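Notes for the one structure printed next.
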Amino acid sequence: MTISPIPVLDDAAVRVAVRARPLLEKEIQENCQECVTYSSDRSEVTVGKERRFTFDHVFGPHVGQEEVYMACVKPLVESCIAGYNATVLAYGQTGSGKTHTMGSANSNLLQEHELGILPRVIHHLYKSIEEHKKAEFLVKCSFVEIHNEEIKDLLHPETPSKSIFIREDANGDIVLAGVREEVVTSFEDMMKLLELGSTNRTTGSTLMNQHSSRSHAIFTIIVEQRSIEENTDIDVITAKFHLVDLAGSERAKRTGAVGLRFKESITINSGLLALGNVISALGDERKRGQHVPYRQSKLTRLLQDSLGGNSRTCMIACISLADINQEETLNTLKYANRARNIHNKPIINRDSRVLQMNQLRMQLKSLQEELVNMRLREKEEACALDCYRLKGNPLSTDLVKVGENNCNSSLQDRHHLSQDMQDSQVISKMKEQLGTLERDNLIYQEKLGEISTEMNLLLRMIPSWESAKEIAETPILFLVAMAKRVLAGNKEGEIDVRMGNIETDTTLKTTRQKSGSIYSSSLVNGIQLLNEADKENSFAGTSLTSVNTAKIIRHYLKTIQGLEKKLAIKEQELTEKEQTLKEVTEDLARDERIFSDKMKEIKALKLLTRELTVEKDCLLQKVQMDATIISDLSHNALAKENELSKLRASVDSLQLQPQEKGIVLEKERISDCNKKFFHQMCGLVLPFKEHQGSNYKEKDDELDESQKPPNEVFLPKETRQLRQRTDTKPSTNIEKRFQDLAYNILKGEYPSQKSCNNEHGPSERGSSFRDKAETEVPGENLSIFDDGNEQIFCNDDMKSGWEMVTRGSHEVSHATNLEKLDSFSKPNERSETRYLHPAFGIENSSVAEMDKERNSSRIMETFDPLNPRDMYIEKKLREMAMIWHAEKQAMEEMVQAERETWEARAMHAMRKQEQLERDHHALKEELENTKSLMQKAGLGIRLSAHSVRELTSGGLDLSTSIVC
Ligand SMILES: Nc1ncnc2c1ncn2[C@@H]1O[C@H](COP(=O)(O)OP(=O)(O)OP(=O)(O)O)[C@@H](O)[C@H]1O
C-alpha cells in the first residue's frame, strides 16, 4: 500500500498557536484598551510591556478562520489520512473565542468564511478521501462532553454516563468504552451529527459570556483505511482525530457563577488544573521520566495519547486583548508556553497482527523458493553422474574421486534435502499451528469485541430491570454464556441463556484451561519437533540450509511464544474484565437495591401525588364554590349597598323634612291662610268700591314660573287693584281703613277705640316720632321723622292722613309724591326686610309684603263706629278674625300632628338606617370572611402545586402519574 506523503511536521513537539480575539462590543463600551502586541513575523506576543512569549503561530484579532485552519490544522488532517493520530486543543479563559475557533457550536447560520475548524476538517477529510483511489475508507465519529467529571455521549444522550469508561486497548491506545461510534459516509451526515451534538452540549450564560460552554467537548473522527491495491505489505491503517473545545478557565467572581454554575466552575477549573499538571510533568525537563498524573481527571486520561503519546498535537491558546483580562491572558500564555515543551511519539497505526502475518508469509515464501532451487540442483547433479557412468569414460582417478566426492556430496545433499523436506513438513505443521493460533487470536479478538458489545447491551438493559432477582440473575447468565462462547469458541453451539442452561464456574475454568492448552500443547509440540530435528541433524552432520531452517523455525517459535505471552496477557485481561464484571454485578445488585428503594419511594410519591391531586381537585371545587358564593355575596352586597345608599338618601331627606321642610310647609300654609284671609277682607271691601280699570299691568301673572324669585310672596290681583285704587287716591278712605284693620287683625292687633277716634293727622306712634325728630327736606314738600329705628316720611297729603312707615335705614331722597315715597320705601342692601309674624313668631314674608303694601298706601281715615255700615264691617271683620283664629288653631294642630308624624317617620327612618348599617356591616364581614377563605383556598392550591413541584423536582418524573 502506498502511504500518502507525510506532511512536513516536527513530529515530536506539540505545536502551540495563540489566537487573540478582537475587543467585544461590551469591552469597547467599557473603554477597554488592548494590552497585547505581536511581532511582525507572527511568532511573538507581548503582554503589557514586558512579558514576551514565542509560539509556533501568533494570530492577531483580524486573522480569519481560514488562515488559522490552514496554518494549524490542515497538516494534521493530512497526517491523519496518512495514519497518524492527531489532536487539536483549544484552550483559554472563558469568552476568549475557543468555541468560535473550533466551530463546535451550531454553524448553520454562519457564512463560509466564519466556519470554524471542525467543519473545515470534515470537509477537507472527505475531499481527501474522494481523491484517494488506492484505499477504501471507513469513517466513524463520536462526540462526547465531560461535564462535572461525567462523560456524556452527545450523539446518544440517552446513554447513561455511568456506562461510559475510559480504557486502554491491547495496543495501549486510550478508548472510550460505552460510547457509540457512528459510521458516517458523507460530509453532510457528519455535519448533522456535529450539530446534533452541539445542541446537546451543556452551555449556560455567565457575566463574561452569554453562551458559555460549561463542559469540555471532544469530537473524534476515526479514519480506517484498507488497501485495495494488490501486492501490498500493509492491510489496515487506523487513525484518530480528536478535536477538543475545552471549557473556559474562569473566576467565579468575574463570571458571577453561583449555585450550579459555581459547581461547574469548580469542576472546569479542576479539570484544567489537572491538564496543567500533565503539561508541566511532560514539559518540564527536570520532571521527565517521572509519573505523569493522567488519571487525575477524565479529561487528562482521555487526552493521554494526545499529550506525550501517539499523536500529533496542536494547541490553540485563545486570548482576549482587553486590559481587564490581562491577568487571565498572561496565565493562558504561560500555560501554553509550557505545552510547547511536550514531545509526543506519533506512529502510523498499522494493525500489528496483519503486520506479523505479512512477515511470516514472506519468510515462508523465501523458504519455499530455496527448497525448490535445491531440488532442481540435486536433479541436475544426479543426471550428470549417470551420464558419466554410462559413457564409461576413462577419466583420471582424480576425476573419479571428484565424481565420487560429488556423488557423496550429492547423497549428502539428498539427505539434507530429505531432511529439509522433513523440516518443511515441520514448518507446514508449524504453519498450520500458526494458522490455528491466528484463527484463535482472531476469534479471541472478536470475542473481546463481542464482550464489549455485550457489556454495552448489558448496561443498556439495566434500566429495564425491575426486580432485584432480575438484576442478580440476568447479568450472571449473560456473562456465563458469553464466557462460554468466548472460551469454547462456541463450537458446541449457542447457549440459550433464557433456558437456564448455565454452567458452573468450574466448567468455565475447565473450558478455559482446555482452550489455553490448545496453545501451549501446540507450542510444546513445535519445540519437540524442533529438538528432534536438531538431534537428527547432529547425527547426520548438519548442512548450512538445515541450520538456517532450524534457526528460522526457532525464530517462529519465539514469535509464537511472544504471541503466547500476549495471549496470556489477554487472558489476564479477561480475568481482570471478569473481575470488573463481578464488581459491576455487585454494583448492579447494589443499584438494584437502591433502585427497589427508589421504586418504593416512587410508589409512595405516586400515592402522595394522587392524594395531593385529589386534594387539589377538592380545593379547586371548593374554590369554585367559594367563588360562586363570593360572586353571589358580592351581588347581594352591591344590591344592599345600593339599597342602603337609597335609604340613606331618603333618610337624609327625611331628616331634613321634619325640621326644614316641615317649617317651609308651615310657612306656606300660614302664608296661604293669610292670603286667604286678606282676600276675604279685600272681598269685603270690593263691593264698596267701583272698579276703575287698571293702569297696572299684571306683571306677576305674565312672568314665567322660572322668572319668579323664590320664596317671594306676590300680592294677589285684588291687592294690586286695591293699590291701584289707592294710588289713584280713592274717593273714600273706608276701604283703607278696612285694610288697616285687616292688617292689625293679621298682626294680632285689634283696632282700639283710641286709634279709631284719631281722625286726622298721623297715628299716635307717628306723632311720637314727630316729637323726636322732624326734618324738612329743602325745596320739597316732604318731612322725615326719624327716631333711629323708624323713619316717617310726610308730605302735605300726610297732614290729611297719609303716612309712610318703613323700617331700618333707607335712602333718603327728595320726593314730591307718593310714587316717589313708594320708591323710597324700597329697602336698600342694608335694610332689614325680615318681619316676624306675631302669631307664630316666624318669618312671614307675605306679612312683610303686605306690611310694605300697606305702608306704601296707608290711608288714615275716620272710622265712624256709629255708622251701621262701619259697624257691619267691624262685625264682619271680627267674625272673620274669629274664623281665622279658629282656622289658625286648627292649622297649628294639624302642623303639630304632622310634625309628630314627620318625627315618627324620621325616627323610623333612623331605626331603619341603623338596621341597614348593621346589615351592611354584617355583609362586609361576611365578604371579608369569604375573601380570606378564598385566599386560604388559593394558598392551599399554591401549596399543593408547590409540593407537587417539589416532589417532581426530587429527580422523579411524576408528571405521568399526575396526568393519570
Ligand atoms: N476571532 C474572533 N472574531 C470575532 N469574534 C470572536 C472571535 N473570537 C470570539 N469571538 C466572539 O467572542 C464571543 C465569545 O466567544 P466564544 O463563545 O467562542 O468563547 P469561549 O472561549 O468558547 O467561551 P466559553 O469558554 O465561556 O465557552 C462570541 O460572541 C464570539 O462570537
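Quick reminder: no glycine exception, Cβ is built from N, Cα and C everywhere.
Automatic prediction, not curation, is the source of TrEMBL annotations.
TrEMBL assigns the feature coiled coil to one of the listed ranges (175-216, 511-552, 553-594), namely 553-594. Range with TrEMBL annotation coiled coil, chosen from 266-293, 350-377, 378-405, is 350-377. TrEMBL lists coiled coil for one of the ranges 24-58, 409-443, 899-933, namely 899-933.
Note on the coiled coil (899-933): its mean pLDDT in the predicted model is 80. Same-chain neighbours of the ATP site beyond Gly92, Gln93, Thr94, Gly95, Ser96, Gly97, Lys98, Thr99, judged by a C-beta within 8 angstroms of the site's C-beta center, are, in sequence order, Arg21, Ala90, His100, Asn209, Gly248, Cys318, Ser320. In three-state terms derived from DSSP, Lys98 (ATP binding site) belongs to a helical segment. Proximity to ligand 1 at the level of Cβ atoms, with a cut-off under 6 angstroms, picks out Gly95, Ser96, Thr99 from the binding-site residues Gln93, Gly95, Ser96, Thr99.
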